[in-house]
Amino acid sequence: MQLTYGNSTAAANVNDLFVASQNGQLDVVKFLIEKGANIEARDEDGCTSLYLASESGRLEVIKFLIEHRANIQASNPYGWTSLYRASWNGHLEVVKFLIEHGADIDASTQGGYTSLLIASQNGRLEVVKFLIEHGANIEAKDEDGYTSLYLASENGHLQVVKFLIEHGANIQASSEFNLRISESLCLLTWSSDEDGDTSLHLASAYGHLEVVKFLIEHGANIDARNLFGHTSLSVASQSGHLEVVKFLIEHGANIEARGEFNLRISESPCLLTWSSDEDGYTSLYLASTYGHLKVVKFLIEHGADINASDKDGHTSLYIASQNGHLDVVKFLIEHGADINAKNKDGYTSLSMASHHGHRDIVKFLIEHGADTNASPLKSLVKKITAML
């Protein structure tokens, strides 16, 4: 945007003030304020000049605006303050100045994010240090129940993780899971869809090995379960992060841990009982589901039960066949998987490979002894077989 420097109209002066503040043009800012430009005017996004200067790290402009009584707590429609935006972008000197001049260190956005949360998420270590040292709430949570440690772990910011733990962050904290019961209508509703993941879950799911190591070394519960009963090993296996899987197994993670979700609620006058059987998804099952062959190999080599099934009778071979992962199917068969295992409805791996049109898997299974008459889909199996 081109400055209309000295333009006499109020609107032009305000627009120029936005641009000059964002670009750090202190002389222009001074001139416009002296000419009566509204220091609290907002641009089309609801941002003030102070916010724009803070976003861009323009400390001298910020000092001038604050000295001329700019509202340090002004926020845009999302609740983002100047301190929040400076923390987001890692402008440490701006953060220091704003805090020293009264900015609310724990002010939160509409989504519950504080300056510490966003600095942790973005790996702004020096900002995180300053905020913690000046009283920021280390256990503050956003509307999803995520803490600063959780967000730093999710994004692999090891140094931030270390600092937070060294300063007392709860290493076992998990995202929140809340329920509301409407007694009059007997309705069960979720107040949020959080799944109870810990920082270790997130670091494992995203493959941040060094963060995983640090969390384990500092006491994180290696077999902690989220809402669905999944452990860090489960989510690492599902995502195919072999090095994380190796580390967790080597440090005692339960290789046979199964996913489960159990909930019982009784409220008068409404009696509600919801108790789903455990899903039974092992780490091997999840790795097979997504075709992570190297993880499958490692788990089998370290004692995973190759024929373990979920609550519906689905084995790792069954799900790999259904999803078309030929290399996983080959490995499982070669290592003793039951080729004719049936689920609770009588369907086999061959049934599902046929149903989903995975001819290469159908061919391999038949060549290795799969029973073409073993399931309710035998007519389809024979039809596919005839086409091979």
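Please read every residue number as a count from 1 along the shown chain.
The backbone N, Cα and C atoms fix where each Cβ goes, glycine too.
Database features (TrEMBL):
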- 12-44: repeat 'ANK' (REPEAT)
- 45-77: repeat 'ANK' (REPEAT)
- 78-110: repeat 'ANK' (REPEAT)
- 111-143: repeat 'ANK' (REPEAT)
- 144-176: repeat 'ANK' (REPEAT)
- 195-227: repeat 'ANK' (REPEAT)
- 228-260: repeat 'ANK' (REPEAT)
- 279-311: repeat 'ANK' (REPEAT)
- 312-344: repeat 'ANK' (REPEAT)
- 345-377: repeat 'ANK' (REPEAT)
* Asked: Within the repeat 'ANK' (345-377), how many residues are helix, strand or coil going by DSSP?
  -> 16 helix, 0 strand, 17 coil
* Structure fact -> Spatial neighbours of the repeat 'ANK' (45-77) not adjacent in sequence (6+ beyond its ends, CB under 8 Å) are 17-18, 20-26, 29-30, 33, 39, 83-86, 88-89, 91, 93-94, 97-98, 101-104, 107, 109
* Asked: Using DSSP, what's the helix, strand and coil tally for the repeat 'ANK' (228-260)?
  -> 17 helix, 0 strand, 16 coil
* **Close approaches to the repeat 'ANK' (144-176) from elsewhere in its chain (Cβ under 8 angstroms; 6 or more beyond its ends)** => 111-112, 116-117, 119-125, 128-129, 132, 138, 192, 194-203, 205-206, 208, 210-211, 214-215, 218-221, 224, 226
